Amino acid sequence: MLDTGTLRARFQQHYGIHPSVIVRAPGRVNLIGEHTDYNDGFVFPVAIDRATYVAARLRHDQLVRVASSDLNEEDTFAIDQIERSNRPWHNYIRGVALALRVAGHPLLGADLLIASDVPRGAGLSSSAALEVAVGYAFQVLNNLNILGEELALLAQGAENNFVGVQCGIMDQLIAVLGRADHALLIDCRDLSYRAVPLPPSVAVVICDSHIPRTLAASAYNQRRQECDMAVQLLRRWYPGIRALRDVSEDHLAAHSDALPEPIRSRARHVVRENRRTLQGAEALERGDVVTFGRLMNESHASLRDDYQVSLPDIDILVETAHHLAGCYGSRLTGAGFGGCTVSLVERNEVESFSRDLLRVYHNATGRTATIYVCRASDGVGRATDNAGPQE
């Protein structure tokens, strides 16, 4: 957790005045339900206790000034003349401001200072945390009445339409709606959700492989296209389907010969992953961590074999975790081709689990991974810890 008192001091040093508000939006890790969100399916993420913070103060002109404490970079743009920048991180902020204006929300300019302890490039949704935090800062500064789901959709729209990344809704939605000590089962079609408590005896352990995700963007778009192609082919027999969410395992079995590879395997992963996600949420609701862990393991096998988004070194992390004491289940999380694994581990075994996982991975690959032991946190809101009086 970042110290908000330090953020206030940095803001004052940079802008010569205290911020009027500091907000935070968390990163996320998805326990199960991978590559299902853009297929109108089900996901089961938690908001983690690492977040992006925005210290902000309203201006009374059209100017937005942004300083990144982490990158030591700045951006300035006019709120009524928003254009794309050649600096990618600028566009997340500009895109959110534009999305708010297009939706009819009047904005004044602002001074913003951004800092984050969400690891970038690890698949923990640092970009969604940034979008949601900036959107919420604009909301607070301008006294806007925006429901949580609307803020998530606006942030997703900014990433889709302005940044140019065709992400699903999960990352932004959990950044808005996350609940401490709970995972959220989210229906990505109608955005309905229910909170499921996490057993207090179990820890969420994230392991960053530090494998650069150089193929993630192109492969992600390719997988989306393959899923869309599966839907188009299956509409010959099931004209009412809108997405793979509407396809059952029986549908696939009846017409698998009509789906060429790799489209058949992609569809099989999504359809079965939706089932696993629903079963997993039900298992945790009744406190059955063993069943949930087994479903996590099945999910990884499907991501590896059917969706083909894992890598050998990621498989080493997962297989090693499976054999360590206290681990109920482990899998790749995020888009794939690097990034992180997530494991559910008995809390009193976390220290030895982490030590042994890092050792085996380093011996096998030569890489040094990073462990994050996370707690499920609340979604976006004001950050008041150590902030002092907010003016």
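Keep in mind that glycine also has a Cβ here, set from the backbone N, Cα and C atoms.
Now, the feature entries from Swiss-Prot:
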ACT_SITE  D171  active site, proton acceptor
BINDING   E34, H35, T36, D37, Y220  substrate binding site
BINDING   S68, G121, A122, G123, L124, S125, S126, S127  ATP binding site
BINDING   S127, E159  Mg(2+) binding site
SITE      R28  site 'Transition state stabilizer'
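Features as recorded by Swiss-Prot, highlighted on the structure.
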residue	record	CB count, 10 Å
R28	site 'Transition state stabilizer'	33
E34	substrate binding site	28
H35	substrate binding site	26
T36	substrate binding site	28
D37	substrate binding site	22
G121	ATP binding site	14
A122	ATP binding site	24
G123	ATP binding site	27
S125	ATP binding site	28
D171	active site, proton acceptor	29
Cβ-based neighbourhood (8 Å from the centroid) of the substrate site, residues E34, H35, T36, D37, Y220 excluded: G33, Y38, N39, G41, V43, G168, M170, R223, V270, E273, A335
S126 (ATP binding site) CB neighbourhood, other CB atoms within 10 A: 24
Cα-nearest neighbour of A122 (ATP binding site) within the listed recorded positions, R28, H35, E159, Y220: R28
Cβ neighbour count within 10 Å of L124 (ATP binding site): 28
Rounded inter-Cα distance in Å - Y220 (substrate binding site), G123 (ATP binding site): 13
Distance in Å spanning the most remote Cα pair of S68, G121, A122, G123, L124, S125, S126, S127, given for ATP: 20
S68, S127 as binding-site residues, winner by CB count within 10 A: S127
